[in-house]
Amino acid sequence: MKKPPAQAAAQPQKPLTRAALIRGRFLSNRLAVAGLGVLVLLYLAAFLIPPFLAWDYQVIDYGHALEPPGARHWFGTNSIGQDVLAQTLRGLQKSLTIGLLVAVIAAVIAAFVGSVAGYLGGWAERAISWGVDLLLVLPGFLIIAVASPLFLGHSWLFLVLLLAMFSWMLSARVVRALTISLKQREFVIAAQYMGASPAKVVFSHILPNVASFLIIDTTLTVGSAIMSETGLSFFGFGVQPPDISLGTLIAEGSFAALPFPWLFAFAGGALVLTVLAANFAGDGLRDAFDPGAQAGTQQ
């Protein structure tokens with residue numbers, strides 16, 4: 001039997017969960033959704049399209065050097081006849097991989113250092129904070145540029161480690177501040193009274209409550225890491241030939257950007273699109289995880 005309208009209206013409204021609230025806030029942000037969608041599409045394109053292309057990024061099409069975009073080469077060719085579309089996707093693949101790895105490694109270091117400093121307090125916190133402040137005043141870009149010749153001939157993973165070493169300090173300070181606040185909460189104090197070890201408290205109670213910040217920070221760091229890699233590669237301090245990234249492609253194309261704009265435009269456009277998409281997605285996540293947002297009710 002159907003309930004009368006008055007009785008149906010009197011039914012209590014179903015409260016939204018935190019996950020549903022965050023999802024709703026994020027999906028209501030069109031720029032954030034578009035940024036995340038573009039970022040996912042760029043990742044898929046960079047890794048899934050190359051096997052289906054007619055030209056590999058290393059193959060030289062003799063007699064077709066500096067050919068403008070057309071049916072044979074959709075993005076044209078470079079100065080030695082390599083397909084620019086294949087080169088751009090390969091460069092995008094490398095830059096996205098470096099950006100993601102740097103962001104994840106930096107987030108892990110920041111989570112560990114910040115939570116340990118904030119939870120232990122005392123001399124340990126002062127020593128760690130002093131070390132973080134010291135690293136913050138060092139010119140990371142310049143140090144990486146000076147150190148890069150030491151790693152010539154080695155894997156690009158060394159570049160990832162160098163970039164990650166100078167990308168975690170600000171995040172660690174935020175995690176430290178959050179940890180200091182969290183360790184005064186009742187559930188952390190209760191865990192301590194029950195005999196939980198510091199490691200147990202940090203991993204079971206502190207880090208899960210700073211995870212939202214780390215997710216946001218990781219997303220935003222992807223864009224900044226890609227920009228750092230591009231800048232280093234542009235000046236010859238990053239990814240080294242014969243490997244390529246967006247930075248090396250932009251460096252090669254910048255010398256002929258006016259007479260042969262396709263050498264520069266596609267790699268530059270991919271870089272701008274990637275960084276904007278990562279920043280829009282990160283900003284949307286930050287707004288969605290806003291601690292001031294209160295759980296509403298389902299209408």
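Glycine residues also receive a Cβ, built from the backbone N, Cα and C atoms like all the rest.
Positions annotated as transmembrane segment by TrEMBL: 31-53 (among others).
What TrEMBL lists as domain 'ABC transmembrane type-1' is 96-282.
According to TrEMBL, the feature transmembrane segment maps to 98-120 (among others).
Residues annotated as transmembrane segment in TrEMBL: 127-150 (among others). Within the chain carrying the transmembrane segment (127-150), a Cβ under 8 angstroms from the stretch's Cβ atoms is held by residues 113, 116-117, 159, 162-163, 165-167, 169-170, 172-173, 176, 228, 231-232, 235, 237-238, all 6 or more beyond its ends.
Sequence-distant contacts of the transmembrane segment (156-175), counting only residues of its own chain at least 6 positions beyond either end whose CB sits under 8 Å from a CB of the stretch, comprise 94, 98, 101-103, 105-107, 109-111, 113-115, 117-118, 129, 132, 135-136, 138, 140-141, 143-144, 147-148, 210, 213-214, 217, 221, 224-225, 228-229, 232, 238-240, 243. Taken from TrEMBL, the feature transmembrane segment applies to 156-175 (among others).
The transmembrane segment annotation in TrEMBL covers 262-281 (among others).
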